[in-house]
Amino acid sequence: MSNTTMATSTILLFLLAGLAAAHGDGDTTIRLPSDGAKASRPRAAKPWDCCDNIEISRLMIYPPLYRCNDEVKQCAAACKECVEAPGGDFNGGAFVCSDWFSTVDPGPKCTAALDGLSMERPWKCCDNIKRLPTKPDPPQWRCNDELEPSQCTAACKSCREAPGPFPGKLICEDIYWGADPGPLCTPRPWGDCCDKAFCNKMNPPTCRCMDEVKECADACKDCQRVESSEPPRYVCKDRFTGHPGPVCKPRAEN
């Protein structure tokens, strides 16, 4: 071996030794990006534990986006945007989680009975009817009338306490699945129909009927004559909380 070759070999040995010392612990494992923080990142938890009134977004993406429209006493810990529900069903208010969540499986229902609802109404009539924010056909309804305990327990499978002193009245928690939630218990002050109804945006709404009629309905308490009307026409000035009723037909009979 020539002196030049020996010198070159010696230099290479020193270079390799220096690289090994600079590396430190000698770990030469090549780590892929999938072995790092991305793999250890925990999956986001669903903003709800269970849901009866699930809604799927119209966005054509996969996994799809879901939102739970259940009204609850307290949102799940994973919910980021918990908003107050209008006209909540619980004492002290109700809340809805408005988060959208991307998942293949939105999770189980909270109320197993919703899978086999009875088509029979638990109530004969209802003034404070509420349509649930679900999208089946026919729709789902709940009656929030305050009843005497004996009335509620006789008609409903489940009752809850109404707001106010305890013990007091009860509210039926049963859900009815059908197209017709039934008649009102308290008659509308203007009768069964109205052409000129004015209602606020509450749920249920408070309404007035400005129809000019030959005579007010028997249930009207504040019946006033329209000025300068000949023959005389009348308007019921009462307010009513609930649906104002269908349009009167034919209009000429008013």
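Positions of Cβ are set from backbone N, Cα and C atoms, glycine also.
Quick look at what Swiss-Prot lists:
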- CYS51-CYS248: disulfide bond (DISULFID)
- CYS125-CYS185: disulfide bond (DISULFID)
- CYS126-CYS143: disulfide bond (DISULFID)
- CYS152-CYS159: disulfide bond (DISULFID)
- CYS156-CYS172: disulfide bond (DISULFID)
- CYS193-CYS248: disulfide bond (DISULFID)
- CYS194-CYS209: disulfide bond (DISULFID)
- CYS199-CYS207: disulfide bond (DISULFID)
- CYS216-CYS223: disulfide bond (DISULFID)
- CYS220-CYS236: disulfide bond (DISULFID)
- 1-22: signal peptide (SIGNAL)
| message | Need the DSSP three-state call for CYS152 (disulfide bond) to compare against my parser. | response | helix
| query | Going by C-alpha positions, which of the disulfide-bonded residues (CYS51, CYS125, CYS185, CYS199, CYS248) is nearest CYS152 (disulfide bond)? | reply | CYS125
| said: Let me make sure I understand the structure: which of the disulfide-bonded residues listed (CYS51, CYS193) has the fewest other Cβ atoms within 10 A of its Cβ? | reply: CYS193
| Which has the fewest other Cβ atoms within 10 Å: CYS143, CYS199, CYS207, CYS209, CYS220, the disulfide-bonded residues listed? | CYS199
| query | Among all the protein chains here, how many other CB atoms are within 10 A of the CB of CYS126 (disulfide bond)? | reply | 23
| remark: Looking only at the disulfide-bonded residues CYS156, CYS159, CYS172, CYS248, CYS194 (disulfide bond) has its closest CA neighbour at CYS248
| What three-state class does DSSP give CYS126 (disulfide bond)? | coil
| said: Using the alpha carbons only, what distance in Å do you get between CYS248 (disulfide bond) and CYS156 (disulfide bond) once rounded? | reply: 34
| task | Would you pick out, from the disulfide-bonded residues CYS156, CYS185, CYS236, the residue whose Cβ has the largest number of other Cβ atoms within 10 Å? | result | CYS236
| message | Tell me the Cα distance separating CYS216 (disulfide bond) from CYS159 (disulfide bond), rounded to the nearest angstrom. | response | 38
| request: Between CYS185 (disulfide bond) and CYS126 (disulfide bond), find the distance joining the two CA atoms and give it rounded to the nearest Å. | output: 5
